[in-house]
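Per Swiss-Prot, the features are:
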BINDING   410-417, 460-464, 514-517  GTP binding site
COMPBIAS  50-62  compositional bias 'Basic and acidic residues'
COMPBIAS  63-75  compositional bias 'Low complexity'
COMPBIAS  89-125  compositional bias 'Pro residues'
COMPBIAS  161-171  compositional bias 'Low complexity'
COMPBIAS  233-276  compositional bias 'Gly residues'
COMPBIAS  280-290  compositional bias 'Basic residues'
COMPBIAS  291-302  compositional bias 'Basic and acidic residues'
DOMAIN    401-575  domain 'tr-type G'
REGION    50-306  region 'Disordered'
REGION    410-417  region 'G1'
REGION    435-439  region 'G2'
REGION    460-463  region 'G3'
REGION    514-517  region 'G4'
Amino acid sequence: MPGKLRVHELAKQLGVTSKELLATLKEQGEFVKTASSTIEPPVIKKMRAHYEAKGGEDKAAEKNAPAATPASASKKPTEKKPATAAKPGPKPSAAPKPGAAPKPGGAPKPGGAPKPGATPKPGGAPKPGAQRKNTEKGSERAVTPRSMPKPGGTRRVANNPFSTGSSSDRPSPGPRPGGTKGQRSAGKPGDNRGGKGGARPQGDGNRSGGRRPSPAMMPSHPNPASMPSKAAGSGGGGRGRGGRGGGPGHGGPGHGGFRGRGGRRGGTAGAFGRPGGAPRRGKKSKRQKRHEFEEQQKHEVGGVRLPDGGGKVVRLRRGASLADFAEKIGADPAALVQALFNLGEMVTATASVSEDTLQLLGSEINYEVQVVSPEDEDRELLESFDLQFGEDEGGEEALEKRPPVVTVMGHVDHGKTRLLDTIRKTNEGAGEAGGITQGIGAYQTTVDLEDGPRTITFLDTPGHEAFTAMRARGAKSTDLAILVVAADDGVMPQTIEAINHAKAADIPVVVAVNKIDKPEASPDKIRGQLTEYGLVPEEYGGDTMFVDISAKNNINIDDLLEAVILTADAALELTANPDMDAQGSAIEAHLDRGRGPVATVIIQRGTLRIGDSIVVGDAHGRVRRMLDEFGNDVEEAGPSRPVQVQGLNGVPGAGDNLLVVEDDRVARQIAAQRDARKRSALQAKARKRVSLEDLDAVLKETSTLNLILKGDNAGSVEALEDALLDIEVDDEVQLNIIDRGVGAVTQTNVSLAAASDAIIIAFNVRAEGKATEEANAEGVDIRYYTVIYRAIEEVEAALKGMLKPIYEERDTGAAEIRALFKSSAVGTIAGCMVTEGKVKRNGKVRLVRDGNVITSDAKIESLRHEKDDANEINAGYECGMVLSYPDIQVGDIIQAYEEVEVPRD
């Protein structure tokens, strides 16, 4: 197969012009722009075959044309006799009359050059040298397009390359044989008179020879009696140029230049698939019927027609946009934007939309919108990578027993950390700021019991109310919970919250009644209080084990551990497959200055080894190093083992799932998709709904406190953020957390704070490097905290300080108008007697008449005692004053007051 060629090169090989070849390519469906465009080998082969077949047809047409075509054309005048027949046998020098039929045997003279518009006479083939060169080209252009096969058997209309219909139902006429109707005679050289019914070569070829006729050259109408009657469908006579063929069945005596009335014309197909001509009558097409049916089924919302869901369920991810919703239901996103605007919500098509907004729009068009939960969304993501989380691989024979994971929960300062210190024989609580736990600690301890050593994994969760989310994560990651309640304090709010977390996680609870060594301890009271919350002691006929202990004096600690083991063995089947790829949960994560991101994880199933590719939430990496709770290196970690993992590219969120994947590429893709979905969800959550009603209020200036949060671990930052966002002061001020992160305060944080006028809250971290110098230079305020509730209190105080002050009116005195004096310089002067307190110059006053307040914001513009100006007048003295309110009368009471700022609670 030949290589690629340009259009003009192939045209030269085929012996045609580039214009003709371009037209042929378009007819064949190959849309080529210019003659310099290249053509693929299959198209070249197709064009060669087309022109080879066309060449054979042209040769056959040339062979049959002199004999067949003129004979058939000259046969028509002989069938119908004219009213006045032409005389046969004209002189050789005389031109034939317009109505005379040519003789079949007549041939043109060898030396005679026919007119450009003349065609060969019947019976003789024209010689190649008898016509001029441009005439041959014009004839070739005129004949060639008609000899080409057209798609669909019709000719394209005018210059519309997309049309496939003809301009009329009649066939396009070919070149007429000369002499059939009023052929021009080779008259005198000076004879410019237009012939009667002169013919012209039909087609798209250029006009050759002859001058353009003028009105003086117009011939008079011929006598119809002297002309042969036309056959139906023949062309009318021409005035200087040939008439066009008339429609079939409507021929008549031709008048110069007018075409015969055609039959019913078919509509021409327009460009780009639009139907042309008059609309069709009759039955509608299936497409039209289906389109009309779909339009009728659409639901109108605020003037916008949208598809009616009919109660269908649409599942959308968190933070989905209107474009995602439109893709699900097959609608135009712009239509959804307009519909939501008509409902009072202003949202763009690509912005993340809240769940409430999506459900509101779905209910309007009869769709039930279900926002996929984070768990389902993550499961679908893992399934797309052929991964599963939460199931052991293999059969029951692959499962082995694993140690229980126990969470110690309870109210703040009830002794949870002291209990763990006693079990581990360490002093963990001494290192906590303020004596309260502000992170989750994970430890594994071996306990010597009567039946041998047993391993237990402990999780210590914070008890402060700000750490609700951390306690919930601790409950979800554990098998059993120890509820610590102080015997001298009783059930407290965080105690109840811990019970609810345990019930939600469906885990058994062992109650440790602590501090029984104190004189005011009352264990029976604790048992009675917990019975109200569903924790019934065994001695009361329930199924909850209660153990009275003293963590400080190491009383009954072994009994508590034995109760934990018994409960785990009786109520739980703790097994896992250690031979599969590791799966676990991140209990805590922080950014270490020397080691980078460090995540504390508990392996739930499988075994984690050095070098494994892991993904933890939106962080991924390869396990570079693992440490246990004592700082020792660990090569591999089995089920229920807590370890610190290094090697991640970022700090994961507390509670994120850990998963070992095939390679780093898969881990990176999963982490990237999780990060994108997380950002979309946060945008939808942070976006404030703006309705048309409160648009003016939103546009007004409001006081906003911008904060940047930095902490030592992800859980503390999350707890601090939730606690700060829960502060309710007033709608006049807003709290905006523009950034959050784990690790020391950096120069990037300071630059962002300077650009956004924000305050940096540093929790258990300090500024590093030149961040402090830059903060001092930029005037950025960095607040350092080690106890969370102090940060909450100061931020709340700052928000209250941003509130607009409230002013209270306090009366300072009163005066009665006794007389009025007119002055051209200052207006009306009120002669008054101060009856109470005192009045001051430029002070605010109320004007009271007959017990009604006439105005409440008047002002004393001038104050005099006799002829002297005075700043204030006390009770019992007369004075003259000029008020800013001129409509005053004798007997009016002037009440002076001042506005005093009132502190806001």
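Just so you know, glycine gets a Cβ as well, placed from its N, Cα and C.
The structure, with features from Swiss-Prot marked on it.
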residue : record           : DSSP (3 states)
Gly410  : GTP binding site : strand
Lys416  : GTP binding site : helix
Ile516  : GTP binding site : coil
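Per-residue pLDDT, averaged along the region 'G3' (460-463), amounts to 60 for this model. For Ile516 (GTP binding site), the same-chain residues that are 6 or more apart in sequence and have a Cβ closer than 8 Å to its Cβ are Ala487, Pro523, Asp548, Ile549, Ser550, Ile555.
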